[in-house]
Ligand SMILES: Cc1cc2nc3c(=O)[nH]c(=O)nc-3n(C[C@H](O)[C@H](O)[C@H](O)COP(=O)(O)O)c2cc1C
């Protein structure tokens, strides 16, 4: 017999992100963040390779990342708008967790499965934060795909990537839900 957890299912059926730019202080402190990271680390991981890790960006580090994004945008010849877009999440952010995809050599587990697992960690962290009552948002942006930014900002090795930047702080308003996929369009049932 199933052993339902209706609160958990209700959360999953209604969960939604809170746009990062609407978040305000306070952000979770280290003790409050730890169980959220713990929950995210319970993500399915074929072969138990742990192909991901966390870098926590607290407020003082945000300013450094904004400056690195600025310098990098100028070096890439981006226009002022693009540079502002790239740095704004760090200018405005209170706390974010960079989920780093850190693939492990394996003869058995394809790299793609390790990538999927890193993406799943991002959603698990987002959901843990939302379920704890925080506002949270999964962002990327051009700096998070730029190899030089990854190295200068986070000292990532060349085989590592940023799977997501999960911003977590206090929500100011609950946004209306966005349109959700039509289940019948995305689902087919195998013929019997
Ligand atoms: C990999 C990934 C990267 C994203 N990057 C951004 C971003 O840089 N800027 C942005 O406004 N939204 C970005 N989004 C979308 C936001 O997370 C958006 O809030 C989310 O789709 C809302 O989903 P929800 O309402 O189901 O929680 C990204 C989403 C994913 C999955």
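Backbone N, Cα and C atoms are what each Cβ position is placed from, and that goes for glycine too.
Record features, source TrEMBL:
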{"type": "DOMAIN", "residues": "15-168", "note": "domain 'Nitroreductase'"}
{"type": "BINDING", "residues": "15, 16, 17, 42, 46, 138, 139, 140", "note": "FMN binding site"}
{"type": "REGION", "residues": "171-192", "note": "region 'Disordered'"}
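Long-range contacts of the region 'Disordered' (171-192) within the same chain: residues 14, 16, 18-19, 22-24, 134-135, each at least 6 residues beyond the stretch ends and with a Cβ under 8 Å from a Cβ of the stretch. Under DSSP, residue 17 (FMN binding site) is assigned to coil, being neither helix nor strand in the three-state scheme. Mean pLDDT of the predicted structure over the domain 'Nitroreductase' (15-168): 98. Take 15, 16, 17, 42, 46, 138, 139, 140, the residues named in the record as contacts for FMN: the widest Cα to Cα gap among them comes to 27 Å. Checked against ligand 1, the binding-site residues 42, 46, 139 give 139 as the ones with a Cβ under 6 Å from it, listed in sequence order. If you take the C-beta of residue 16 (FMN binding site) and look for same-chain residues 6 or more apart in sequence within under 8 angstroms, you find 130, 175, 177, 178. Among the listed binding-site residues, namely 17, 140, the Cβ with the most fellow Cβ atoms inside 10 Å is that of 17. Under a cutoff of 8 A between CB atoms, and with a sequence separation of 6+ in the same chain, the neighbours of residue 138 (FMN binding site) are 17, 122, 123, 126, 164, 165, 166. A simple way to gauge crowding: the CB of residue 46 (FMN binding site) has 14 other CB atoms within 10 angstroms, across all the protein chains here.
All protein chains shown were included, and the count of other CB atoms within 10 Å of the CB of residue 42 (FMN binding site) stands at 10. With helix defined as DSSP H, G or I and strand as E or B, the region 'Disordered' (171-192) counts 4 helix, 0 strand, 18 coil.
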